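So the structure is just underneath, and the comments pick up after that.
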Amino acid sequence: MREEILEIFLLVNFVFILCTSIMVRIRYVSCKTNFDCVNLKCPTPFVTPKCVSGGCECPLKELLTLLSDTNYGVAACIDYCKAKGENAYTCILNHCYCRKPSM
């Protein structure tokens, strides 16, 4: 009986250690809102992490980037700069110029 309890304890311990290391490796961050995911860095600077099912994720659908030389209009320029964490400065001759927000 003691051996079975010891085996169960070791198994639970092993699963806990394994799951913890996996969560650290993929940088799992629990969340309730998108604001909780601000500190998570996504692979590309144009993607903002989102809270999905209680965990922060970098949405793969948004891994497409908008080039600075674009003809998509002012709204796309503003969204592009916002995705970079910057403010739209101006959109002239199909070029989108962003600037860092003032502190």
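Here the Cβ of each residue, glycine as well, is placed from N, Cα and C on the backbone.
Using a 10 Å Cβ-Cβ cutoff, Cys31 (disulfide bond) registers 19 neighbours. DSSP assigns Cys31 (disulfide bond) to coil, not to a helix or a strand. Sequence annotations record features per position, and here Swiss-Prot assigns disulfide bond to Cys31-Cys51 (among others) based on similarity to another entry.
Taken from Swiss-Prot, the feature disulfide bond covers Cys37-Cys56 (among others), and the record attributes it to similarity to another entry. With a 10 A radius on its CB, Cys37 (disulfide bond) counts 20 other CB atoms from all the protein chains.
The Cβ neighbour count for Cys58 (disulfide bond), using a 10 Å radius and every protein chain shown, is 18. DSSP gives Cys58 (disulfide bond) a coil state; it is part of no helix or strand. Annotation source Swiss-Prot lists disulfide bond at Cys42-Cys58 (among others), citing similarity to another entry.
Annotation source Swiss-Prot lists signal peptide at 1-31, citing sequence analysis.
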Mind giving me a neighbour count for Cys42 (disulfide bond)? Other Cβ atoms within 10 Å of its Cβ, every protein chain shown. 18
Using all protein chains in view, find how many other C-beta atoms are within 10 Å of the C-beta of Cys51 (disulfide bond). 18
Once the DSSP letters are reduced so that anything not helix or strand counts as coil, what is Cys42 (disulfide bond)? coil
Between the disulfide-bonded residues Cys31, Cys51, Cys56, which lies closest to Cys42 (disulfide bond), Cα to Cα? Cys56
